[in-house]
Amino acid sequence: MVLAQLGGSISRALAQMSNATVIDEKVLGECLNEISRALLQSDVQFKMVRDMQTNIRKIVNLETLAAGTNKRRIIQQAVFTELCNMLDPGKPAFTPKKGKPSVVMFVGLQGSGKTTTCTKYAYYHQRKGFKPSLVCADTFRAGAFDQLKQNATKAKIPFYGSYMESDPVKIAVEGLERFRKENSDLIIIDTSGRHKQEAALFEEMRQVAEATKPDLVIFVMDGSIGQAAFDQAQAFKQSASVGAVIITKLDGHAKGGGALSAVAATKSPVIFIGTGEHIDEFEIFDVKPFVSRLLGMGDLSGLMDKIQDVMPADQQPELLAKLAEGTFTLRLLYEQFQNLLKMGPIGQVFSMLPGFSSELMPKGHEKEGQAKIKRYMTIMDSMTAAELDSTNPKLMTESRIIRIARGSGRQIRDVTDMLEEYKRLAKMWSKMKGLKMPKNGKMSDLSQNLNIQQMTKALPPQVLKQMGGMGGLQALMKQMGGKDMSKMLGGMGLGGD
């Protein structure tokens, strides 16, 4: 059971509970048993699952709830809160600051994906405006420097290593000195891994750490080991002063939930998760938005950040103005498709859209979804400027549709499908009319200005129902931090699959 399946199973359990005519002990018990079964299949420790059930039952005491209380909403909120508690170590990790030199050392067992993760970490920060660099102090594994060199070259990140020197401490110090002179503000040191935890590995890590004095030591762990992650994370934390954890290989293994919860139990913060082999299949891990996306409710503040990353700053005010007007043209859709294809794995992006993850992209078929978007763009390439800029749906007559289909080499059905998708998105866009725009014109600040009425209009009816209507949304806002809308949006996941 991969994480998407885990989220689907929990969402279905909540949906079945919401659809019940009467919420009684039997319905609550069935819902909690389904959720517990899904968590156990994801290799979450039995004790953690049992404690979660106990805590939810303490919150949701059906006998003592006042008449007229929305039981569905209370159960959903309790499940959301307990899932967050299960994955939250309650301790923040060191965060590099742009322009201020930081040294980060990576440690982990061989085969965990440590070297690849070093490059992903560097690439992520490079896109955020940092000047990262990579140092290969792994002299144990044959080919380690070649791998780092290849990855770094592809990502256009400066690197340092040696084919001749066998002392990892000397290489680490030389690399550190070189990149400090070059004003790198994030120096990442990759260290040797072993097939198992052993004294020699920990001693080497200690020596490299002593010589380089890293601001943060990151432990890279294979997520497929499930709850065994607890012992591994604990051992590294005690021996290597680990300040944060990155969990890899969460894209196709059954035990990801177990690994995440086990690491949280050691009070070690998970800061990123690896969801594939490609350099952009790497996500920042923030508990509330993660649980929100897991349950199909999206992460709008995260989506705004992604849009800001790929959209030039001078285009953002123009897009926000169009959003405030509620005007959505085919040209605007085309531009957003272009941005969407730059944002990284399409499944990751769609999981941030509340209730819309399956509309454009069939579940688990990212390539099909990407191909569909490119097909739609090809169709729009055969449209006139008047057609692209029009907001009048009656403009698309049968003769125009036939002409567009011929010009793009597509079937008439493909053109009508694209137009239906456009109408659906335009309808959703129009509901945001009148939105107060951020004064600085930044997309990332937009989520703070969304009010309850606009959110209620924009959310699909079935998703809003899962949340308990407007009242549920308001209660959740309060739970997620009150006035800060971005925090609330980052973690409002309580519904549909």
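Including glycine, each Cβ sits where the backbone N, Cα and C put it.
Record features (Swiss-Prot):
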BINDING   108-115, 190-194, 248-251  GTP binding site
REGION    1-295  region 'G-domain'
REGION    296-497  region 'M-domain'
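For Gly108 (GTP binding site), the Cβ neighbour count at a 10 Å cut-off comes to 29, with all displayed protein chains included. Across the region 'M-domain' (296-497), the model assigns an average pLDDT of 69. Around the Cβ of Gly111 (GTP binding site), a 10 Å sphere holds 13 further Cβ atoms from the protein chains shown. For the binding-site residues shown (Lys114, Arg194), fewest C-beta neighbours within 10 angstroms: Arg194. Lys114 (GTP binding site) carries a helical DSSP state (H, G or I).
On its own chain, Thr191 (GTP binding site) has Met105, Phe106, Val107, Ala137, Asp138, Pro168, Ala172, Glu204, Met205, Val208 as residues at least 6 apart in sequence with a Cβ closer than 8 Å to its own Cβ.
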